[in-house]
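Novice: Here Swiss-Prot flags Asp18, Ser68, Asp454, His455 as Mn(2+) 2 binding site, drawing on sequence analysis. Residues or ranges marked as active site, phosphoserine intermediate in Swiss-Prot: Ser68. What Swiss-Prot records for His129, Arg159, Asp160, Arg194, Arg200, Arg269, Ala270, Asp271, Arg272, Lys345 is substrate binding site, and it gives sequence analysis as the kind of evidence. What Swiss-Prot records for Asp413, His417, His473 is Mn(2+) 1 binding site.
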Amino acid sequence: MADTHTQRPRPVALLILDGYGQNDDTEYNAVYSARTPVMDALKQRYPSTLLHTDGKYVGLPDGQMGNSEVGHMNLGAGRIVYQDFTRITKAIEDNELASNPVLTAPIDAAVAAGRAVHLLGLLSPGGVHSHEDHILAVAALAAERGAKHVYLHAFLDGRDTAPKSARASLERANARLAELFGADNAYVASIVGRYYAMDRDNRWDRVEQAYRVIVEGEGSQVATSAEAGLDAAYERGETDEFVAATSIRPHGEPVRMADGDAALFLNFRADRARELTRAFVEDDFSGFTRQARPKLAHEGLVMLTEYAADIPAPVAFPPTDLVNTLGETVAKRGLKQLRIAETEKYAHVTFFFSGGREDEFEGEHRELIPSPQDVKTYDEKPEMSAYELTDKLVAAIDAGTYDLIVCNYANGDMVGHSGNFDAAVKAIEAVDDCLGRVIEAIERAGGECLVTADHGNAEQMVHPETGNPQTAHTTFQVPLIYVTPRQGATLADDGSLCDLAPTLLTMMHEPVPEEMTGRVLIGNT
């Protein structure tokens, strides 16, 4: 195949049918139940296969369902993009924490000064904002570095976990700390519900209660142990999420942060860690009056990941810089690209598909179609803005301006989240209707395209075990169809989302950059 711009198909398109998975169980399967003559015909006429979108295939823990952010990041990167949860877990498994100077420097400084180490975070196995395994791994790191006094300030979950499930985590943490340092030298020194410690709506009165119990050892409640404090909270009618700030005082005196102490915030998700972090590190902080603000060891409070670019605190696991994503590669080759979606998925075909880049690349155009504003939930309008999007997309194809087009149809996912089976069927049918027009335009232009999804959703609308509506994503594979006029074209099986960027470049007769470790899935018989 000659590598010339004149001979390649134009445009090459990636059509992402969000939330459109393949489930062999046909019951409460909106994808199966919908009338989809276009998809049915495409599968008959063109090469097709299934793709993995979950767990290790997209940089998540095994078995973890994919999501739109992760899916589009992998689609655009052309390599598995390890998510923060997985990156940190892998660093622990590979014994790499000890070689991370952002973690070791403040601990070493505190040890040298004879000061304490404080660990802050959501003590939970939920895996959404944090994981207790990460917290206990850093405690073990502190022990290896010679720390004598380590205090854990535990935020309680009850939201990504059962409402009253914190006891097991507290008992496990105290047992491990006692094993590492001795029970008198290390323990859970405060507990507070995430409602207070992890606010994200500038409710500073809540954050202040968490800050004061961590820094000053002053809470509205006092207990001799974390477990006793939790029992008292339950007796007050509080669940884990709402546990009042409780100072734990096994020896009668509170734990207070002091100058020279080390402090590490061990949540990995940013949005609910920002406010408390700002209270620790910002000189001009105005959320509430800080009665105490100790000068912490080394460069101050450590963030496990970057909670915000403007927070002046060291980051143990900074954002990965994705070089030569599909969008960047196409731009470097002097080609034109279109990203198009309705509001609900606009960030996914732009920011996430570009590897976390806000700005357009050279030669990139973005088309935003507003999602419906006249309904509370999209099951009231399952077609959403698919027809308006299709009008714009077909016009763009007919204009012949673009070499690469990336489009997302949001319906299967957004209506799937409603749990409304009948509406999800209508959503899938609307997408199929639109898909027919788009494929006709691509064929008319002499182009090629891949039709796929970022993850499943609408193919399982009722949970098979509980019988309740299922509103979450699934771990089912998703279809991949290669629409091409080439005779004898094939698609390899057992692919993942990261394989599509190198595949698209190959369709465009463009070389694949070495950073893209995904496989090219197209071939010939």
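Quick reminder: no glycine exception, Cβ is built from N, Cα and C everywhere.
Provide an account of the burial state, proximal residues and distances for the features listed.
Specialist: Taking a C-beta cut-off of under 8 angstroms and a sequence separation of 6 or more, Asp18 (Mn(2+) 2 binding site) has the following same-chain neighbours: Ser68, Lys345, His348, Asn408, Tyr409, Ala410, Asn411, Gly412, Asp413, Met414, Ala453, Asp454, His455, Asn457. Classification of Asp18 (Mn(2+) 2 binding site) by DSSP places it in coil, neither helical nor stranded.
Within 10 Å of the C-beta of Ser68 (Mn(2+) 2 binding site) we count 25 further C-beta atoms, all protein chains included.
For Ala270 (substrate binding site), applying a Cβ distance below 8 Å and a minimum sequence separation of six or more within one chain yields Thr305, Glu306, Tyr307, Ala308.
Around His473 (Mn(2+) 1 binding site), the same-chain residues six or more apart in sequence whose CB sits under 8 Å from its CB are Gly19, Met65, Gly66, Asn67, Asp413, His455, Gly456, Asn457, listed in sequence order.
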Novice: Output the one of His129, Arg200, His417, His455 that, of all these binding-site residues, has the highest number of other Cβ atoms within 10 Å of its Cβ.
Specialist: His455
Novice: Expressed to the nearest Å, what is the distance separating Asp160 (substrate binding site) and His417 (Mn(2+) 1 binding site) at their Cα atoms?
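Specialist: Computed Cα spacing between Asp160 (substrate binding site) and His417 (Mn(2+) 1 binding site) is 17 Å.
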Novice: Between Asp160, Asp413, Asp454, which of the binding-site residues has the fewest other CB atoms within 10 angstroms in the structure shown?
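Specialist: Relative to the other binding-site residues in Asp160, Asp413, Asp454, Asp160 has the fewest Cβ atoms within 10 Å.
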Novice: Could you measure between Arg272 (substrate binding site) and His417 (Mn(2+) 1 binding site) for me? Cα positions, answer in whole angstrom.
Specialist: 23
Novice: In whole Å, could you give the widest CA to CA gap in the substrate site formed by His129, Arg159, Asp160, Arg194, Arg200, Arg269, Ala270, Asp271, Arg272, Lys345?
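Specialist: Taking every pair of listed residues, the largest Cα separation comes to 29 Å.
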Novice: Including all protein chains shown, what's the count of other C-beta atoms within 10 A of the C-beta of Arg272 (substrate binding site)?
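Specialist: By my count, 20.
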